[in-house]
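Peer 1: Per TrEMBL, transmembrane segment is recorded for 12-30, 36-54, 61-79, 110-130, 142-171, 177-194, 201-219, 247-270, 350-370, 417-434, 441-459, 479-499 (among others).
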Amino acid sequence: MEEVKKKLNLKPYWIILSFIVLIAIILLPTPADLPIMAKMALAILAFAVIMWVTEAVSYPVSSMMIVALIIMLIGFSPIQKLGAAMGNPMVAGKPLAEDAMFGTQNALKIAFSGFSSSAVALVAAALFLATAMQVTNLHKRLALLVLSVVGNKTNAVVAGSIIVSIILAFFVPSATARAGAVVPILLGMVTAFGAKKESRLAALLVITAVQAVSIWNVGIKTGAAQNMVAMGFINKQFNQDVSWGEWFMYAAPWSILMSIALYFIMITVIKPETKEIEGGKELVKKQLAELGPVTAREWRLIAISVALLFFWATEAKLHPIDSSSITLVALAIMLTPKVGVFTWKDVEKLIPWGTIIVFAIGISLGNLLLQTTAAQWLSDKTFGLMGLEHMPLLATIALITLFNIIIHLGFASATSLASALIPVFIALTATLGLKDNAIGFVLIQQFVISFGFLLPVSAPQNMLAYGTGTFTVKDFLKTGIALTIIGYLLILLFSATYWQWIGLL
């Protein structure tokens with residue numbers, strides 16, 4: 001009788017460990033320079049990080065657990081000297097005394113503060129836009145159009161898959177949706193050639209597509225949700241915004257160079273069985289024909305998307321409307337009967353509502369770390385001991401970027417990673433006394449947070465591709481190591497040159 005090996009389910013143990021760590025931090029003596037409320041915030045952060053890294057429960061569930069912990073632990077903590085930082089809470093018309101409990105009602109406001117962030121509105125609207133692309137199949141048509149002109153040469157198809165990812169990054173503000181549009185088409189080309197899905201050809205094309213998606217998560221502000229997390233914190237803490245056009249000016253040159261590097265890495269590291277995909281171009285043209293002529297809905301979506309891209313790119317140059325506001329206006333138009341492109345029923349079925357909850361609660365947790373001074377204390381204790389304030393800025397960026405890349409190995413969600421790290425990096429700018437360079441420093445670290453190159457578990461789009469069974473972890477790692485090293489070196493090169501020339505640093 002064949003023995004069936006059951007995989008041990010460790011999730012209950014991770015949940016128990018999360019609570020053990022939470023309770024242990026709560027019971028530790030409180031340092032003299034750390035407010036009790038800040039210690040509670042650090043305990044919640046430790047709990048959240050273990051939950052996020054181990055994925056013991058789904059991200060929306062862990063978010064609700066974080067809300068409950070904020071309400072109870074922060075609500076029953078004394079406010080001490082944090083009154084002004086916590087919004088000057090009142091009781092009976094008078095400010096709370098230093099020894100008074102913060103209160104669960106006040107803690108509830110902190111727990112849900114992320115929902116009032118304009119960054120959350122932009123993420124929600126971006127998800128709606130990605131849904132509109134799915135409903136109309138416009139993202140698939142765009143991908144097929146590009147691939148239909150690149151020919152049958154394998155290297156040309158590799159270049160084509162990179163170009164598709166670049167184009168879609170402008171119009172589809174969801175990394176997973178972009179990967180979901182391109183990967184099935186590439187697999188169809190592999191099948192048309194008669195190759196197996198486990199072939200080197202399949203591995204080459206699929207890995208190229210998802211690595212290109214990660215690269216352009218950096219290049220486009222609206223390309224990934226984690227960018228909005230960073231902007232939410234930057235906006236709140238520095239009272240400044242980085243427009244879509246400014247972000248593009250800072251990050252797109254890096255992404256362009258990385259795209260070129262990706263092409264040469266892929267054709268060098270993964271050698272396909274053939275130099276030409278016979279029947280690939282014909283299959284793409286057949287799929288394009290099956291979509292039929294461009295529909296009226298697609299034309300309307302094209303018009304809205306192009307107009308939206310124009311307003312994003314010219315923000316603060318030709319008009320004063322911020323990215324979040326203009327995206328919400330576009331969303332309202334897309335939902336309007338007769339002139340729109342989809343209905344609320346489409347939205348209800350296709351929007352991943354849990355993503356919005358995770359995003360908002362992540363911002364709430366980051367706000368808590370900043371307001372209670374927990375992020376500043378953590379930054380001082382972890383990075384302050386390294387003597388970074390005495391190092392040149394470039395050396396500091398080199399060390400912190402390396403730390404950021406290593407930490408990412410434990411996170412499957414760049415959004416969660418940004419929620420945990422960006423508040424600490426913001427606090428670090430005060431420790432280092434960066435002043436004019438503070439926003440640039442934080443923004444560069446946000447670029448690095450999108451480095452999902454190393455492992456399939458490093459990003460949702462990687463997992464989507466890995467689920468096709470076309471490549472092994474070793475295949476992905478071989479390309480990922482090269483991309484990470486080049487990406488790291490380019491970060492340092494840009495920090496020493498281009499970003500200083502254009503005023504980011």
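Every residue gets a Cβ built from N, Cα and C, even glycine.
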Peer 1: Taking contact to mean 3 or more CB pairs closer than 8 A (sequence separation of 6 or more), are the transmembrane segment (247-270) and the transmembrane segment (201-219) in contact?
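Peer 2: Touching, yes - the transmembrane segment (247-270) and the transmembrane segment (201-219) meet the threshold of 3 or more Cβ pairs under 8 Å.
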Peer 1: Could you check whether the transmembrane segment (61-79) packs against the transmembrane segment (441-459) - three or more CB pairs closer than 8 Å, residues at least 6 apart in sequence?
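Peer 2: Not in contact, no.
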Peer 1: What else in the chain is close to the transmembrane segment (177-194), if you only count residues 6 or more beyond its ends and a Cβ gap under 8 Å?
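Peer 2: Long-range Cβ neighbours of the transmembrane segment (177-194): 130, 133-134, 139-140, 142-144, 147, 157, 161, 164-165, 168-169, 201-202, 205-206, 209-210, 213, 274, 277-280, 282-284, 287, 461, 464-465, 468, 470.
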Peer 1: Which stretch from 142-171, 201-219, 350-370, 417-434 shares the most C-beta pairs under 8 Å with the transmembrane segment (441-459)?
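Peer 2: Most Cβ pairs under 8 Å with the transmembrane segment (441-459) come from 417-434.
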